[in-house]
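Some notes on the structure that comes next.
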Amino acid sequence: MQIEKKDIRALSKDQLRDFFVINKDKAFRGNQVYEWLWSKGAHSFEDMTNVSKGTRQMLVENFVINHIKVDTMQRSSDGTVKNAVRLHDGLIVESVLIPTETRTTACVSSQVGCSLDCNFCATARLKRMRNLEPGEIYDQVLAIDRESKLYFNRPLSNIVFMGMGEPLMNYNNVIKAIDMITSSEGLGMSPKRITVSTSGVSKMIKKMADDEVKFKLAVSLHSAVEEIRNKIMPFTKSFPLPELREALQYWYHKTKSKITYEYVVWKGINDNKESVDALVKFCKHVPCKVNLIEYNPIDDGEFQQASPESINAYIKALEANGIIAKVRHSRGKDIDAACGQLANKEI
């Protein structure tokens, strides 16, 4: 029976060093291989030109490098780029490059499909197949960084975990990927340029705070009225608003990092005074800002963008209470790359 080889990128640098020592080689070989895997983005052991042929053969016999492949790439009329990324087992996720005049942002996926069941999101209609490995997350960023340099002549400036999946339900792998992205041996990006978005997994928000992470936190809130929130995001019955509020207060107490609430206003759902007042009240519990996001409809038409007047009612109420609020217009709608639209048909 053939033994399945392990993805070498699942090993830490210390584990790689130990592997070489156990196999009667020098520990520094682990450093060389680690640099090839992360700093240089090697997809094959044959790429490792300063490693001896015998050592490369030993690696081939024991490990694989499970790298991703950009299957298809689409460019929007507004400059947005969407990648359909094929994983080593044939599954596909999507990632997006969002350019503006001052920055280029990578929107990356953390799961194949999604663990949650938000009724307004196309990704949530996909069955969750599996979590992404740290290397698969890292490779999405690497691919978008290359595209940013190619198309916009500048490196990637920001990363948001707002693609397919709930990042906090793949917590360990997301953290490992971010550690490599921010490491001098990886991309060397500041954690302050990284935002992890969650739909409100309270216990994991507390864990992040305890782990003293340095990246930013965004919460897809969409309603501060429990009944409405439970209807549009059924899983939130397990994470009620008082529990979420407590977790966010704990986060701010530990990190002193302001929270961003992501909020879509829908016609006939949360475009009413009760919802506006509830959001204002919820925002007063912890320093925050609110992004009011343009809705990107999916096929069935159940959810519709609220009127500009309804959105302005939110802005006026929030600003009157000293809360920063901005309307975020979606990018890449013509290629289904906008928020809530990622749902590759091949999955």
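In case you wondered, yes, glycine gets a Cβ from its N, Cα and C as well.
Annotated active site, proton acceptor per Swiss-Prot: E94, in sequence order, evidence recorded as sequence analysis. In the three-state DSSP classification, E94 (active site, proton acceptor) falls within a strand. All protein chains included, E94 (active site, proton acceptor) registers 25 other Cβ atoms within 10 Å of its own Cβ.
Sequence annotations record features per position, and here Swiss-Prot assigns domain 'Radical SAM core' to 100-334 based on sequence analysis.
If you look up Swiss-Prot, you'll see C107-C339 marked as disulfide bond, on the strength of sequence analysis. In the three-state DSSP scheme, C107 (disulfide bond) is classed as strand.
C118 ([4Fe-4S] cluster binding site) falls within neither a helix nor a strand when secondary structure is assigned with DSSP, and so counts as coil. Within 10 Å of the Cβ of C118 ([4Fe-4S] cluster binding site) there are 20 other Cβ atoms, across all protein chains. Per Swiss-Prot, the feature [4Fe-4S] cluster binding site maps to C114, C118, C121.
Residue environment of S197 (S-adenosyl-L-methionine binding site) contains 21 other Cβ atoms, counted within 10 Å of its Cβ in all protein chains. When secondary structure is read from DSSP and collapsed to three states, S197 (S-adenosyl-L-methionine binding site) falls in the strand class. Annotated S-adenosyl-L-methionine binding site per Swiss-Prot: G165, E166, S197, S220, L221, H222, N296, in sequence order, evidence recorded as sequence analysis.
Swiss-Prot lists C339 with the feature active site, S-methylcysteine intermediate, giving sequence analysis as the kind of evidence.
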- Item | Per-residue pLDDT averaged over the domain 'Radical SAM core' (100-334), given as an integer | 92
- Item | For H222 (S-adenosyl-L-methionine binding site), the number of other Cβ atoms found within 10 Å of its own Cβ | 25
- Have a look at the recorded positions E94, C107, C114, C118 and say which one has the shortest Cα distance to E166 (S-adenosyl-L-methionine binding site). C114
- Task: Round to a whole number and give the Cα-to-Cα distance in Å for the pair L221 (S-adenosyl-L-methionine binding site) and C118 ([4Fe-4S] cluster binding site).
- Result: 11
- Item | Pairwise Cα distance for C118 ([4Fe-4S] cluster binding site)/S220 (S-adenosyl-L-methionine binding site) [Å, integer] | 10
- Task: Let me know the DSSP-derived helix, strand or coil state of S220 (S-adenosyl-L-methionine binding site), please.
- Result: strand
- Note on the structure: For N296 (S-adenosyl-L-methionine binding site), the number of neighbouring Cβ atoms whose distance to its own Cβ is within 10 Å equals 20
